[in-house]
Amino acid sequence: IVLVFTLSGLNETMENRFVFFSFTALFYPLMVFCNVTVIFTIISYKKLHEPMYMFICNLCINALYGTAGFYPKFMYDLLAEDHVISYSGCMIQIFVIYSFALCEISTLTVMAYDRYVAICRPLEYHSVMTNQKVLEWILLCWLAPIFFISVLIVLTARLTLCGSTIEKLYCEIWAVAKLSCFSTTVNNVFGYTVILVYIGHGVLIYFSYFQLIQNCIKSIEGRRKFIQTCIPHLLSLINVTIAFLFDVLYSRYGSKNLPQGVRNFMALEFLLIPPILNPLIYGLNLTTVRQQVIRLFFKKKVGISK
């Protein structure tokens, strides 16, 4: 029975651990601050209580949730000599990190549908995207990933393991399954089913954008709307797609010939770039959010100058 796993992802880079710790100690609070600012701004101002902003808020909440499952443990490991994690701690980390990843894709899919209805069917928008519908979509964004990852964890927990070394910076579901003494066919079949479901999400997103582009090029107003609200979403989408491709390719086909630093970056990209880029893209790019953020931080100064 394996009670503790060893995380070997830092073994070859320990001489730079204080550099990594310093970077992480600056980056993680900055990422939390950016996401909390966008969340607080959207919740505080009534005119931002619209579907698109609620989904942006959900993206930011999800970023805080997912990164909390990685960064505190990672910072502890950078200062510790032994990089170990308990079996239950490993399962919790898998649950948090991978439900975060799937919730990110689900939220981006719902946002693509929201933009499709807003631009291609504007007269129906308020009857389609009601408050109840938005709440249902957000709940689905969380409940579906929670269900899929829970099943994967139950399937993984039943495996008899013949090893305890995970060659990553954090616990990862394929890495634990690879340690099994016996066949993992059931895990693989369900795992690939989940991947296919979320590839289906991607197809839906790109179909929505194909329709949007076709619709928007017909008018100047359509093009302006597309550039203002859809380009930030497309940037987030491309960013997340690349990040998840890195992780899936690395998990499944990662070569030990690659330097450990490169392998670590491939494994970390989806925990590093989307959580900081999303609030910056939406906070700085969308005029309404940007104006309210500026008002939030500078209203006292404005009041004094008056």
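The backbone N, Cα and C atoms fix where each Cβ goes, glycine too.
Per TrEMBL, the features are:
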type: TRANSMEM; residues: 20-45; note: transmembrane segment
type: DOMAIN; residues: 34-282; note: domain 'G-protein coupled receptors family 1 profile'
type: TRANSMEM; residues: 52-71; note: transmembrane segment
type: TRANSMEM; residues: 91-113; note: transmembrane segment
type: TRANSMEM; residues: 134-155; note: transmembrane segment
type: TRANSMEM; residues: 189-209; note: transmembrane segment
type: TRANSMEM; residues: 230-250; note: transmembrane segment
type: TRANSMEM; residues: 270-289; note: transmembrane segment
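Counting same-chain residues at least six beyond the ends of the transmembrane segment (52-71), those with a Cβ under 8 angstroms from any Cβ of the stretch are 24, 28, 31-32, 35-36, 38-39, 42-43, 92-93, 95-97, 99-101, 103-104, 107-108, 110-111, 114-115, 118, 134, 137-138, 141, 169-170, 229, 236, 271, 274-275, 278-279, 282, 286, 288-289. Sequence-remote contacts of a segment are chain residues at least 6 beyond its ends whose Cβ falls under 8 Å from one of its Cβ atoms, and for the transmembrane segment (230-250) they are 59, 101, 104-105, 108, 111-112, 115, 119, 195, 202, 205, 209, 212, 216, 263, 266-267, 269-270, 273-274, 277-278, 281-282, 285-286.
Beyond its flanks by at least six residues, the transmembrane segment (134-155) meets 51, 54-55, 58, 62, 91, 94-95, 98-103, 106-107, 110, 173, 186-187, 190-191, 194, 197 of its own chain at Cβ-Cβ distances under 8 Å.
Of the two recorded stretches, the transmembrane segment (20-45) does not lie close to the transmembrane segment (189-209), with fewer than three CB pairs under 8 Å once pairs fewer than 6 apart in sequence are set aside.
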